[in-house]
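The structure appears below as structure tokens.
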Amino acid sequence: MKPAANIYLIGLMGVGKTTIGKQLARALQWPFYDSDRVIEECTGVDIPTIFSYEGEEGFRMREQTVIHHLSALQGIVMATGGGAVLMPENRTALKENGFVVYLHCSIDKILHRTKHDTQRPLLRTDNPRQRLQTLLAQRDPLYTECADFKIDSGVLPTKTVVKTILQQYQAALEDHDRIASCTK
Ligand SMILES: Nc1ncnc2c1ncn2[C@@H]1O[C@H](COP(=O)(O)OP(=O)(O)O)[C@@H](O)[C@H]1O
Ligand SMILES: O=C(O)C1=C[C@@H](OP(=O)(O)O)[C@@H](O)[C@H](O)C1
Ligand SMILES: [Mg+2]
């Protein structure tokens, strides 16, 4: 992690990146950005409409552009979409510019949280459990590669998750300062 004052949230759909991200930003009094919301604001349509016109490939290109721009900002909390880590450029941008938090929870919990969802095209399948299992198998190594810190967002109260992330972020900043103050 650079000394950059940014916190980025990664992890599978439904783990709570958007929810926790908003609370972190409120606690820090920093601006909050959600890459999905920025894409929707730019295009004027929702994520399922982008997928239907441009496919996942078109969505990924838009997501990469947004993450590229947002990662140039300082002092922000950003919730990414669950598939943001698929693009190597995004992984580099996240790792280089902020403290990356990998939120995870059980597939059962994700299914419960997203059972009435209409905004996640990748879950519009006959077998969302199977889809989530496949996505997790593909993406877990990428989330792990990017992450400075991993926390279960399915068991602990949201408030505790937020507090723990803030403590870890602070500790990482202090480590960074300690190393930087000691000449090689
Ligand atoms: N800690 C939590 N406890 C209960 N429900 C939650 C929690 N975190 C998120 N949710 C709910 O789960 C759903 C998905 O959360 P969201 O923050 O959108 O996840 P993500 O951005 O990772 O896809 C939302 O309906 C949200 O209200
Ligand atoms: O996992 C994915 O590939 C996606 C996750 C979604 O964001 P959330 O993780 O916030 O649901 C959104 O970016 C899009 O539907 C694709
Ligand atoms: Mg989200």
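Using N, Cα and C of the backbone, Cβ positions are placed for all residues, glycine too.
Heads up, TrEMBL stuff is auto-annotated, nobody curated it.
According to TrEMBL, the ATP binding site annotation covers Gly14, Val15, Gly16, Lys17, Thr18, Thr19, Arg120. Note: Lys17 (ATP binding site) has non-local neighbours Leu9, Ile10, Gly11, Asp34, Ala79, Thr80, Gly82, Leu103, i.e. same-chain residues 6+ apart with C-beta under 8 A of its own C-beta.
According to TrEMBL, the Mg(2+) binding site annotation covers Thr18. A helical conformation is recorded for Thr18 (ATP binding site) in the three-state DSSP classification. In the shown protein chains, 17 other C-beta atoms lie within 10 A of the C-beta of Thr18 (ATP binding site).
DSSP assigns Gly82 (substrate binding site) to coil, not to a helix or a strand. Among the features that TrEMBL reports, substrate binding site is placed at Asp36, Arg60, Gly82, Arg139.
Counting other C-beta atoms within 10 Å of each candidate's C-beta, the binding-site residues Gly14, Gly16, Gly82 are led by Gly14. With a CB cut-off of under 6 A applied against ligand 2, none of the binding-site residues Val15, Gly16, Thr19, Arg60, Arg139 are retained. Ranking the binding-site residues Asp36, Arg60, Arg139 by Cα distance from Thr19 (ATP binding site) puts Asp36 first. All protein chains considered, the CB of Arg139 (substrate binding site) has 18 other CB atoms within 10 Å. Sitting within 8 Å of the Cβ centre of Gly14, Val15, Gly16, Lys17, Thr18, Thr19, Arg120, and not among those site residues for ATP, are the Cβ atoms of Gly11, Met13, Ile20, Ala79, Gly82, Leu103, Arg113.
For Arg60 (substrate binding site), the nearest of the binding-site residues Gly14, Val15, Gly16, Arg120 in terms of C-alpha separation is Arg120.
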